[in-house]
Amino acid sequence: MSTPGKENFRLKSYKNKSLNPDEMRRRREEEGLQLRKQKREEQLFKRRNVATAEEETEEEVMSDGGFHEAQINNMEMAPGGVITSDMTEMIFSNSPEQQLSATQKFRKLLSKEPNPPIDEVINTPGVVARFVEFLKRKENCTLQFESAWVLTNIASGNSLQTRIVIQAGAVPIFIELLSSEFEDVQEQAVWALGNIAGDSTMCRDYVLDCNILPPLLQLFSKQNRLTMTRNAVWALSNLCRGKSPPPEFAKVSPCLNVLSWLLFVSDTDVLADACWALSYLSDGPNDKIQAVIDAGVCRRLVELLMHNDYKVVSPALRAVGNIVTGDDIQTQVILNCSALQSLLHLLSSPKESIKKEACWTISNITAGNRAQIQTVIDANMFPALISILQTAEFRTRKEAAWAITNATSGGSAEQIKYLVELGCIKPLCDLLTVMDAKIVQVALNGLENILRLGEQEAKRNGSGINPYCALIEEAYGLDKIEFLQSHENQEIYQKAFDLIEHYFGTEDEDSSIAPQVDLSQQQYIFQQCEAPMEGSQL
């Protein structure tokens with residue numbers, strides 16, 4: 001019986017007679033995706049607008065009821081908090097000057113590092129609604145801008161704080177402000193909407209339902225300052241982000257044309273967020289992948305794999321990797337852009353996450369047809385993959401194992417022989433000792449494919465001797481396979497039993513020699529093996 005759920009997900013995606021060929025191309029496990037997102041520092045989902053000291057010095061001093069900067073900073077604080085009764089009175093006054101002055105004070109409070117008093121602001125009765133009301137003051141663009149800044153910083157907080165801004169009705173007004181004649185107001189509205197969309201899939205969908213995309217895309221048609229373009233493409237990437245559930249594709253796909261030319265902007269931040277957006281849009285079924293391909297972005301994405309900033313390389317690689325999870329024709333589009341040489345270069349990256357993603361991408365190429373496997377061979381990638389399989393961090397070795405096993409699954413006899421000649425058997429045998437059941441199965445399947453070829457050769461040449469049995473024994477693979485007959489995973493022990501019975505005969509097993517478990521190294525220890533066996537580093 002197979003184990004239900006995502007534990008089986010990658011193993012089903014394995015081109016083998018006993019497994020489902022329709023699912024051979026692996027999509028990233030949800031759990032792994034979430035971990036990557038949590039660790040990713042290159043892209044922030046929320047940003048707080050904090051004025052620099054220089055900007056604060058250059059601010060105009062308010063007159064007619066306003067306060068000098070020093071007065072604002074030194075204002076007597078309310079007992080137990082930072083919001084004074086004067087600030088509250090001024091915000092609700094009928095004087096535009098006092099309204100602006102008070103709004104600036106709130107903005108300064110919320111721009112303080114590192115812990116702005118967001119809760120105190122939103123818990124002051126009527127204040128958030130008042131700032132939303134100020135957004136409508138078309139006759140006073142400065143008040144609009146300052147109010148938008150306040151609300152942006154509130155929305156940069158946690159989900160509850162963001163929800164307060166939404167419930168006050170700010171989102172439709174912010175979307176209207178994207179068409180403001182004042183660029184400062186436009187940019188602050190973009191920033192606020194990006195923070196709200198970046199909070200959760202629910203907030204993202206609400207912003208999309210409010211029809212943000214047309215006015216947001218319209219911003220890109222203007223000659224904007226760089227900060228505006230940066231904020232707009234970052235907001236756009238937040239609208240495309242999320243998997244549970246993903247955004248409705250029809251609502252975000254109109255941005256593909258804009259993203260295609262943003263890939264040619266020289267600014268690193270713009271490039272990075274455009275690539276992240278494309279990686280989100282391509283992370284899904286083949287029809288989404290096709291839409292991304294049809295936008296004409298593939299060649300440029302491949303070029304960006306060689307960018308000198310990892311902030312760009314990471315999302316470009318993610319997008320390329322997602323595209324090759326498609327069918328063979330879609331994968332070929334990437335191959336036709338000369339991607340393999342760039343991927344080979346990334347296999348030697350000092351950044352482990354890049355190396356791992358490159359292996360994952362290659363594993364989906366080797367899940368293709370034999371011609372595509374041959375292009376990987378011709379690009380001389382397998383020596384690097386086998387080296388990674390022997391020496392890299394475990395999370396990277398796992399992806400390299402998929403790349404090699406996929407090639408043994410769909411490859412020709414000559415292609416499999418080539419992998420054996422490169423020395424793939426020993427590192428595959430070494431993986432049989434790790435505690436990760438899925439990777440043990442991947443290694444077993446790779447070895448089974450090799451043994452099956454050896455059996456065919458033995459029959460063809462009449463020798464009756466499978467040449468690969470000896471190689472597996474020399475790599476202590478037989479000892480490990482024998483032990484796997486007592487594995488707790490039913491599929492593993494059944495596979496191990498079948499391999500022993502079919503390819504190695506039925507030798508008596510000394511059950512008294514049971515290997516110990518080294519939990520610190522996440523592997524089994526075989527006393528009869530003189531050579532050390534590498535364990536995984538989870």
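Counting starts with 1 at the first residue shown.
Including glycine, each Cβ sits where the backbone N, Cα and C put it.
According to Swiss-Prot, the feature N-acetylmethionine maps to Met1, an assignment based on similarity to another entry.
According to Swiss-Prot, the phosphothreonine annotation covers Thr3, on the basis of similarity to another entry.
If you look up Swiss-Prot, you'll see Ser63 marked as phosphoserine, on the strength of similarity to another entry.
Secondary structure of the repeat 'ARM 2' (118-161) per DSSP, as helix, strand and coil residue counts: 31 helix, 0 strand, 13 coil. The repeat 'ARM 2' annotation in Swiss-Prot covers 118-161.
For the repeat 'ARM 5' (246-290), residue counts in helix, strand and coil come to 33 helix, 0 strand, 12 coil, using DSSP. The annotation repeat 'ARM 5' is assigned in Swiss-Prot to 246-290.
Distant neighbours of the repeat 'ARM 7' (331-372): 13, 15, 24-26, 28, 36, 293, 298-299, 301-302, 305-306, 310, 313-314, 317-318, 320-321, 323-325, 379-381, 384-385, 388, 392-393, 395-396, 399-400, 402-404, 406-407, 409-412, 415; these residues of the same chain sit at least 6 beyond its ends, with a Cβ under 8 Å from one of its Cβ atoms. Look at Swiss-Prot and you will find 331-372 tagged as repeat 'ARM 7', backed by a curator's inference.
Feature annotation from Swiss-Prot assigns repeat 'ARM 8' to 373-412; the stated evidence is a curator's inference.
For 460-504, the entry in Swiss-Prot reads repeat 'ARM 10'. Along the repeat 'ARM 10' (460-504), the predicted structure has mean pLDDT 94.
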Quiz item: Would you list the DSSP helix, strand and coil counts for the residues of the repeat 'ARM 10' (460-504)?
Solution: 34 helix, 0 strand, 11 coil
